[in-house]
Each structure stands twice: as structure tokens, then as C-alpha cells.
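Asks: Right, I'll just put the structure down here and ask away after.
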Amino acid sequence: MSAFSVKNVNQIFGSGTAKVHVLHDVNFEAESGTLSLIMGPSGSGKTTFLTIIGGLLTPTSGTVTVNGIDYNQRSKKQRDALRLEAIGFVLQAYHLLPYLTVADQFTLVDKVKPKGNLTKAELNQVLETLGIRSLLHKYPSELSSGQQQRVAIARALYPNPAIILADEPTAALDGPRVKVVGSLLKSLATDHHKAVVVVTHDSRLIEFTDHLYEMQEAY
Amino acid sequence: MFLALKEIKKEKFRSGLIIAMIVLISYLIFILTSLALGMARENTDAINSWGVAKITLSSNANVDMRQSFLTQKQAGTLSKNEAYLGETPVVAEAKGHQQQSAFFVGLKSTQFIAKKIKLESGHRVRHSHEVVVDDALKLKGYQLGDSFKLNDDKTKFTIVGFTKRAKLNVTPVIYGQLGTWRALRGIKMGPVTSVVASKTNQYQSHQDGTKTYTRQQIINKLPGYQAQILTFVLMIGFLMVISMIIIAVFLYILTLQKLPNYAVLRAQGIPSKVLVGATISQSFLLVASGLIIGTVLTAVTGLVIPAQVPMAFNIPLLAVVGLVILVMALIGSLIPVKTVLNVDPVSVMGGE
Ligand SMILES: Nc1ncnc2c1ncn2[C@@H]1O[C@H](COP(=O)(O)OP(=O)(O)O)[C@@H](O)[C@H]1O
Ligand SMILES: [Mg+2]
């Protein structure tokens, strides 16, 4: 069973002259243990695609199945629960809560989902890898955008989700950091058997991918 | 609670402003409530101290004890549960003192009302020119044994006792004998008393020209009493609504600023109820802190306020008022809560 199965998905925004047909009959599968990279220029629909497979947006047509169950068969609450338990979202805009220190961002997850999160040692390992362990007591406003992006990645990994969806996870990172994040995502797929889907226009990530997809610009 | 506490801790200045606002409003509400209660008591303390349930007046007295005159026949026969009470406005005058308006209340020492009067000092009235007076006169410089003239009466009256909180319609009461009431009124024949008051709710007069009222009916007809109460209730009510609006507006603004953050949390599967809980507990924490400080200020005010200011601090009443403010604030937080419930995670997916 594949982690994700996307069948004939179309997404149309607006109507009349403002109509944008973003996704055309998209079919896509992602297995656990693999890293899929979806590349495409800005405006090609990458974020829209990720929003749909994350269950936040119901496509105009087509079906999306996660862990064998169609989103249409899940209630709003069940979709929330799925994202909380099983999907690690790394968003393009991190919007970390400004009044929580880095450490508190993880505490918040503990409050909402007390079980199944990374252990302290595992979390420290992730923070170490991402080079943000010394920032635990800082507020987001005290961090550079690259640091914020890495905190957002750690935040998404903390609930130990089986699926990781990342939108431009390296946009704010320099070369060496891109390699760090690339290999971290790769090892989550290979060593921890997670299904990792990354959408990006950053070709520096190509070397870490198992499957590479390309998205054409919307027409 | 976690999110609310963290936010208040980080945003000390903003939270401080909101708390300061709540402090001022709750302090104002507490003080107004205490004033309202104090004023109400100065209107009714005496009448409430008599232990009466029903009062019979002349039917044409407009429910005003001062305007009532009952003949022996109208008063009827009294059981041990009933008592005569003659009331008349007087002016007390003595050398070295300003003129003092008061109500003279004449009682029969054998009947229950006279026995019910609690003395703070001195002894009960034994002669026609002895009086027991409200301790407001003490604040005006009178002491036990001092004497004053009442209206045109030739003989001076001597203060033989003080009693606490004997005010009627915000005017001190001077207790004396029923016969003295007749003398002050200049009555030779006819009326024997202003009213007949009874301890029991069953009491009812059936004599011609009389009407029996409950104590509350009499109180409600005290000149100015209801207008006063209404004024205070309106002010307090408005302030409560204002506190609700302030909380609603402030929290709404704070919430608007957090919407992108909340949208991300929703995208990450954090249930709406966590965010709603954060909003409501934030409102609760801010208002509760404001109320606590407001209470401390009120207590301090109560300690330093001069005795002449008619303020009564009634803790159960203030607790209820505080609770209402809290409830209003929680209602106020429903507007931002609605916004939180409508947060759309898709709105932040695109970035920037
Ligand atoms: N909610 C929306 N309403 C209308 N148009 C949208 C909406 N979201 C995205 N689009 C349009 O869809 C296209 C793809 O957007 P997006 O998925 O964000 O692309 P990418 O992430 O690849 O840059 C863009 O032309 C964008 O303007
Ligand atoms: Mg995008």
C-alpha cells in the first residue's frame, strides 16, 4: 500500500476570466521509505498540490488517498487528527508563534499530542544536526530566517510523523545547510521508513531524491 | 492555558495595558457598588433594624410614614407582634452645633420595636425628654448627656444613648417616646400614632382609611430612593458592558495579529479547541488579574475612606459583581473566538 495515492486530481481556482486551472489530471503515488521531489517553477502549483495531499484543500475533482483511506471519507476532525499524528508539515511560511521560545514550540506539541513524539535525546539529535540546539531559549524574533526555517523543520519532525510534507524547506538556507536538510530528509525516508514529499524549485535537493517529478507552469 | 500564559509573559506591555484598563473599570465598579449599597443602607438602615414585616398607614398618606396619622380606632387592637410608631421630621438645635435635620421616631418602650433598638452606649429612653440618637450625631460632636432643642418644643432633650446605623432616607433618626411625637406634632386629640408596624407577614389592617404595606413597599416609596438605585444600577451596568467591549476589542486585535500563526497551527493539526481555549483563558487571566488588583485597591480605599462617605463594602455582593465582570469578559472573548474558529490553514500555505 502506498502512503499517498493521487488520482486524476484537477484544481481550478476562480471562474470566468479569473479562472486558473492549476493542476491537470495529476496522478501521483508515494511509498513509505522514499523521498519524492516535485520540482517546478514558481506559480506552477507546487504549494497547491501539497495543500491538497495534506488534506487542507479539497480538489475540484479527483481523489487523494492517504494510508489507504480517501480524504472524502474522513471528517474534518479526522483530517485534523491525521495531520497532528501522521503528517509533518513544513510550510513555506513558517509563522512560528512569536511568544513561544524554540523549546516551547515543542512543548506545545507535547500539550496537544502527549504520546509518540521524539524522545528528548532524539530531539536533541535533530536539533544538533540542524545546528539549532543552542537556540532553544530564543524567541522566533531573535532568529534569522534560516534558523526559523530549521526550527520549523524540527517542529514538523517532532511528532515523529510517518509522512513528511515539505514546501520549499530550503528556501532560506545556504549551500551547506541545504545538504544538511537534504540528507536529514533522505535519512528519514531510508532509515526511518517515512514517506517524504518535498516540493521545491531548489535544484540543490535533486541529489537526495528517490523519485523526481516535474511540474509544468500553469496554463 | 499554556499558550495564554506564554503570550502574556512575552507581551508584558500589551497585557499590562489591558489589565490596567480592567483594574480601572473593576475598581470603579466596586466603588460604585459600595456607594450604591452605602446609600441604599442610609435610606433603609433604621427601617430594617426594627424587625417589621408589614406596616399600616393612613390610606391617603402616599405610602409615606411621615404623612400618616392613625386614630385609636384605625390603629385597632395590637397583639404583641404589633407596635405603634410615630414619625416626624425635626430640626435639632444646640449651642455650638450646626442645625441638624433628623427624623424623630416615637415608640412605646413596652412594644417590640423599642426593645429591638440596639444601643451602642448609654441607656434606653425612660422619660419624655430623653432620646437615643443615631451615632451620626456623634460625628457632629454630640456626646452622651448633651442636650438640644427640637423644633419649637420649650424643653431640651437629653441624649441618653447612641445607636448605630439608624438612618432613614439618609437622615439620622432620633428615638424618643410616642407621647413626645404627639407633642412635637402638636396633636391634642385624634391620632395616636403615625403607623402600626407588625413583625408578621400575616398582619393586615381592615379599618377604614388605612392601608397595609410590606416593608419593601414603604422603602421603595422613600423619596429619591429608587431614582438613586436606578442611577447606580445603570452606571454599573454600562461599565460592565464597557468592560466586555474592551476585552472583545483588545482580544480581537490580538487575535487578528495571530491569525497566520494560528493558521499554521491548524495546518499542523492542532485542534481549534486548543486555540479557542487559549483565547478564552487569555481573557480569563487578564480579567482575573485586573479584578484582583481592583479588589486590592478597593480594600485599600475601604480602609482609608472617611466614615462620612456612605460606602458599604459587602463582600458577597462585590464577589457577585466581580463574577459578572468576569462573565462579561468571557462573553466579550466570543468575538475573537469566532475568528479563531474561522481560521483557514490554506490562507498561509502560499507563503510570504
Ligand atoms: N486560493 C487561490 N485562489 C486563486 N488562485 C490561487 C490560489 N492559490 C493558488 N492560486 C494560483 O495557483 C497558481 C499556483 O500557486 P502555487 O500552488 O502557490 O504555486 P507554487 O507553490 O508552485 O509557486 C498560482 O497562479 C496562484 O496564483
Ligand atoms: Mg509555493
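One-based numbering along the chain as shown.
Glycine too: its Cβ is placed from the backbone N, Cα and C atoms.
In TrEMBL, annotation is done automatically, which means it is predicted and not curated.
So TrEMBL has the following annotated:
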TRANSMEM  B:16-39  transmembrane segment
TRANSMEM  B:229-254  transmembrane segment
DOMAIN    B:234-345  domain 'ABC3 transporter permease C-terminal'
TRANSMEM  B:274-305  transmembrane segment
TRANSMEM  B:311-331  transmembrane segment
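Would you situate these features in the structure and describe their surroundings?
Replies: Long-range contacts of the transmembrane segment (B:16-39) within its own chain (CB-CB distance under 8 A, at least 6 residues past either end) are made by residues 170, 228-229, 232-233, 235-236, 239-240, 242-243, 246-247, 250, 286-287, 289-291, 293-295, 297-298, 301-302, 309-314, 317-318, 321-322, 325, 329.
Away from its own ends, the transmembrane segment (B:229-254) comes close to residues 7, 11, 14, 18, 21-22, 25-26, 28-29, 32-33, 35-36, 39-40, 279, 282-283, 286-287, 321, 324-325, 328-329, 331-336, 339 of its chain (Cβ-Cβ under 8 Å, at least six residues beyond either end).
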Asks: Summarise the model confidence on the domain 'ABC3 transporter permease C-terminal' (B:234-345) as a single mean pLDDT, whole number.
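Replies: Across the domain 'ABC3 transporter permease C-terminal' (B:234-345), the average pLDDT comes out at 91.
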Asks: For the domain 'ABC3 transporter permease C-terminal' (B:234-345), what does DSSP give as the number of helix, strand and coil residues?
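Replies: Once the DSSP states are binned, the domain 'ABC3 transporter permease C-terminal' (B:234-345) shows 94 helix, 0 strand, 18 coil.
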